[in-house]
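Student: I am attaching a structure below and will ask some questions about it afterwards.
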Amino acid sequence: MLEKKLEKKLEKNREVFWHFLALFVVIVWGTTLASTKVLLADMSPIQILLYRSVFAYGLLFAMSPRLQTFSSAKNEVLYFLSGLCGITLYFLLENTALLYTYSSNAALLVTASPLFTVLIASFIIKTHAFSKLLLIACVIALVGVALVLANQPMSLTNGMLGNILAILSGLAWSFFGFANSAIKDELSPIVRMRKVFLYGIITASLYMLVTGEAFINLHAFTPINLANLLFLGGIASALCFVLWTNANKHLGVVKTSLYIYFIPFIAVLLGVVLLGETITITTMLGGILIALAVFLASYKKSVS
């Protein structure tokens, strides 16, 4: 009897441990936009993308130094699309958005990406039925987005452009989700993510070659900027990915996914505290409505 009680208590403590790790991960992810905003003072959006990806790839390789092998042609195309959409397009659009809008705006608008995923599944891929609940979620999301867009950064030009780019980055992330989930091979999650980052580095480098963007920006490698890049690439991208994968394994996707809803609000709080951004009640209400819409759409998706 005593042994069973101790076993039950130990199991509960393990679950609490993984809950704390999941919370740690979302706090880190909520900090990334503020960190990127700091780097934008010295680096271009594509340079930040490339450098953080190199840091992430390096740490993931150190965690699992297994050599990458060529998979099937179909899988390699999917890895390429995953790197293009989930690394290059997503971060390029998001980083560029931060030049024109508040990090809090970007965080709240990117939150709508799961809703895009469900809509794409309903109308393009046809793997998800469009329902009344999904229609309600879309209407709520539109109202929420409109409220967030009303919070225009008066100190920045082209604020609306920044907001649109943030929405497009969420759309790019949705396409990444479809491409990545379609990959079928026997590689470990770490090696798979490493391949995604490799294709992200390749496509980002091609973009820089075409646009004439400088690969090396030596004057930008200050101690503070290097610390931010290490945080974005090593901790937020590589380490947190591994922690999140394990939290999913021990807690289940349903429990861990609930923590995702905290990310934009952590980003909003840090934008106000660290960057001195202005946040209004209207913006927060818009963010809550977007989160509610995503929850409704995801709930329908999970029970279908």
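Positions of Cβ are set from backbone N, Cα and C atoms, glycine also.
Remember, predicted model here, so these are calculated numbers, not experimental data.
Not my notes, these are from TrEMBL:
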type	residues	note
DOMAIN	17-149	domain 'EamA'
DOMAIN	161-298	domain 'EamA'
TRANSMEM	20-40	transmembrane segment
TRANSMEM	46-65	transmembrane segment
TRANSMEM	77-93	transmembrane segment
TRANSMEM	99-121	transmembrane segment
TRANSMEM	133-150	transmembrane segment
TRANSMEM	156-176	transmembrane segment
TRANSMEM	196-220	transmembrane segment
TRANSMEM	226-246	transmembrane segment
TRANSMEM	258-275	transmembrane segment
TRANSMEM	281-299	transmembrane segment
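Help me see these features in their spatial surroundings.
Tutor: Sequence-distant contacts of the transmembrane segment (77-93), counting only residues of its own chain at least 6 positions beyond either end whose CB sits under 8 Å from a CB of the stretch, comprise 45-46, 48-49, 52-53, 71, 165-166, 168-169, 172-173, 175-177, 179-180, 182-183, 195-204, 207.
Residues 30, 33-34, 36-37, 40, 45, 127-128, 134, 137-138, 141, 144-145, 148-149, 151, 153, 156-159, 161-163, 165-167, 169-171, 173-175, 177-178, 261, 263-264, 267-268, 270-272, 275, 277-279, 283, 286-287, 290-291, 293-294, 297-298, 300-301 of the same chain, all 6+ positions outside the transmembrane segment (99-121), place their C-beta atoms under 8 angstroms from a C-beta of that stretch.
Beyond the ends of the transmembrane segment (133-150), by six or more residues, the same chain brings 105, 108-109, 112, 115, 118-119, 122, 160, 163, 167, 282-283, 285-294, 296-297, 299-300 to within a C-beta distance below 8 angstroms of the stretch.
Panel annotation: around the transmembrane segment (156-176), residues 81-82, 85-86, 89-91, 93-94, 96-101, 105-106, 109-114, 116-117, 120, 145, 148-149 of the same chain, lying at least six beyond its termini, place a Cβ under 8 Å from a Cβ of the stretch.
Nonlocal intrachain contacts for the transmembrane segment (258-275), taken as residues 6+ away from its ends with a CB within less than 8 angstroms of a stretch CB, comprise 22-23, 25-27, 29-34, 37, 102-104, 106-108, 110-111, 283-284, 287, 290-291, 294-295.
Here the transmembrane segment (281-299) has Cβ contacts under 8 Å with residues 104-105, 108-109, 111-112, 114-115, 118, 133-134, 136-138, 140-141, 143-151, 257, 261, 264-265, 268 of the same chain, all six or more residues outside its ends.
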Student: Should anything in the same chain at least six residues away from the transmembrane segment (226-246) have a Cβ under 8 Å from its Cβ atoms, list it; otherwise answer none.
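Tutor: Cβ under 8 Å, 6 or more out: 18, 21-22, 24-25, 28-29, 31-32, 35-36, 38-39, 48, 51-56, 58-60, 63, 189-190, 193, 197, 256.
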